[in-house]
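> Sharing a structure below in structure tokens format, with a few things to ask.
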Amino acid sequence: MCLAPAVANRWIKPGERTQYTPQDTATIVCSEGFVLTGSPQVTCGPDGQWQGLPACRSKGQFAKVLLSRLAIPKTCPTPDLGKNGTVKEQKSDYMPGQFISVTCNEGFVGSGVFTCHAHSKWHPKEPLCQLITCSAPAVANGRIKPGSRVYKPKDTVDVICNEGFDLIGSPVVTCGPDGQWQALLECRPKRISATGKCGPAPSIPHAFPRDGSFTLKEYPSGARIRYKCSTGYVRARGSTSIHCLNGQWTNLQLRCESTPEDF
């Protein structure tokens, strides 16, 4: 047996009874100012419970529920790029399916085309223009000057090999526009000469030997070579000479930099 349906703010058609037998049906009608959610007809089940009872909600509450169920598309906001980039044909917001073209300023990365997806999400990722940087380079058997920090494109560092290692290439490397170090160098173990002689004079950027002996293929032990900066360059730091010791040239830390242009 089923008791009268327990639905607030309603009345029943036909007239309400105190008990109903299984398979009996009743029609729920909401009182004035209320709206029915669910099927108005209910059936008394074999277990003594009404099957599929509806509810009578106030009209204000019903409106809120209805709005929450509507498929209102969520828009994507215009990305905040600050002064690091621009959005072509910028608007306040974008509907799902619309796209934007982002152009980042020089020195920043993140340019591309982005599409507004559901739930206010940009695809393939949130548009951002981030500063291009190079992390401190790792030099096996050596170190860099200045030390570990973040470097911007065109920043340079000096590579200094540890004792017993020779530098292969220029001692100066530059942070590239893509955030990668250009021509990262290598420190290799020194090769000891059995005769104690040294090979050709090392090549130094923007410098040349003072004595003009750059073309010699070998130098005796104890030999010294003095370098001079090329025309248009001046000595910024480091020693100007190297020595042949035990078949190896001592490290030359000379760095020549271009002279400022006269205005």
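Cβ coordinates come from backbone N, Cα and C, glycine included.
According to TrEMBL, the protein has these features:
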type	residues	note
DOMAIN	1-58	domain 'Sushi'
DOMAIN	74-131	domain 'Sushi'
DOMAIN	132-189	domain 'Sushi'
DOMAIN	196-258	domain 'Sushi'
DISULFID	Cys229-Cys256	disulfide bond
> For Cys229 (disulfide bond), what is the secondary structure by DSSP, using just helix, strand and coil?
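The three-state answer is strand.
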> Would you mind checking how many other C-beta atoms are within 10 angstroms of the C-beta on Cys229 (disulfide bond)?
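Other Cβ atoms within 10 Å of Cys229 (disulfide bond): 21.
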> Just counting, how many other CB atoms are there within 10 A of the CB of Cys256 (disulfide bond)?
23
> Which numbers of helix, strand and coil residues does DSSP report for the domain 'Sushi' (1-58)?
0 helix, 28 strand, 30 coil
> In the domain 'Sushi' (74-131), how many residues does DSSP assign to helix, to strand and to coil?
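Output for the domain 'Sushi' (74-131) reads 3 helix, 26 strand, 29 coil.
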